[in-house]
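To start, the structure itself, in structure tokens.
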Amino acid sequence: MNDNPMKLVVVGAGGRMGQTLIRVIQETDGAMLHAAIEREGSPFIGKDAGELAGVGTIGVPVTADPLQAFVDAEGVLDFTSPAATVEFAGLAAQARIVHVIGTTGCSLSDDQKIEAASRHACIIKSGNMSLGVNLLGVLVEQAARALPAENWDIEVLEMHHKHKVDAPSGTALLLGDAAARGRGIELQANAVKVRDGHTGARPAGTIGFATLRGGSVVGDHSVILAGEGELVTLSHSARDRSIFARGAVAAALWGRGQKPGLYDMLDVLGLSH
Ligand SMILES: NC(=O)C1=CN([C@@H]2O[C@H](COP(=O)(O)OP(=O)(O)OC[C@H]3O[C@@H](n4cnc5c(N)ncnc54)[C@H](OP(=O)(O)O)[C@@H]3O)[C@@H](O)[C@H]2O)C=CC1
Ligand SMILES: O=C(O)C1=N[C@H](C(=O)O)C[C@H](O)C1
């Protein structure tokens, strides 16, 4: 048991989630901001991380040197891009520190590299770090198990702000995966992510995805189970990015005592399947 506050590095410190993470770390007993990282050439380099996040001066300047930052740190919170996350996974593994990954849109090859890094350090990766969405995933799995695939079609609908660059969202895929698990099938082989033109009738047993983008929506997700003459809809609406940041900080604190390996938020929250 370590009573000292956990020393955390925020990478992508100037981003929407980076700034939220800095604010949440400042509010969390048992966690402290050790370093804040942005890419080389970023206009945020040299700025105080607290000022950047709107919580006043905290004496931690933003730098572009993750290697140096990781040396004395205990964990890294990473909501950046797939390429950056793969690089940070290698560095965090070398430093043997906890790596919390919220980045979405990773390819199969990115995920294989992240899994390789998890042989040396504890990695917690999830398409959504909030308690509400992870509970929703458990409910979706139960509903998909209970409702027969011959008569019940599953569609995952999501909406996010206009700046989001990946689709379907990491959360939509997490929920699709939960539905597939409930049905005892592989999501990859049964997902329909695009429909356009004369598509033909809906193949039974598939899991469909629909993506909306616009405005400043933080993240809305619905899983619709459509039967003959009735619909069951399970939904989550994120109103504030701090729900993801609080989950990420909780994951880092949980990871402090764990063996190397690849974990998700269900492990952190004790909702594991
Ligand atoms: N799992 C979850 O619960 C959640 C996941 N996300 C995911 O987190 C990711 C980030 O989202 P968001 O904060 O909205 O995006 P932003 O674009 O606002 O932030 C990303 C930040 O990372 C920086 N960055 C990119 N590459 C590097 C690098 N090599 N070194 C240092 N910094 C880097 C970017 O800098 P620059 O602008 O210069 O490229 C930017 O400041 C997305 O994948 C999103 O889907 C978001 C919310 C919740
Ligand atoms: O990019 C975002 O903003 C979000 N990304 C995550 C996702 O892809 O699901 C989580 C959240 O919905 C916000």
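Cβ atoms are placed via backbone N, Cα and C, with glycine included.
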From GLU38, GLU87, GLU150, the one annotated by TrEMBL with GLY12, ALA13, GLY14, GLY15, ARG16, MET17, GLY102, THR103, THR104, SER126, GLY127, ASN128, MET129 for NAD(+): GLU38
Candidates ARG16, ARG39, HIS160, HIS161, LYS164: member of the recorded positions with the richest Cβ shell (10 Å): HIS160
Binding-site residues compared (GLY12, GLY14, GLY170) - highest count of Cβ atoms within 10 Å: GLY12
(S)-2,3,4,5-tetrahydrodipicolinate site, defined by HIS161, GLY170, THR171: further same-chain residues with Cβ within 8 Å of the Cβ centre: THR104, GLY127, ASN128, GLU158, HIS160, LYS164, SER169, ALA172, GLY219, HIS221
Largest inter-residue Cα distance among GLY12, ALA13, GLY14, GLY15, ARG16, MET17, GLU38, GLY102, THR103, THR104, SER126, GLY127, ASN128, MET129 [record-listed NAD(+) binders, Å]: 22
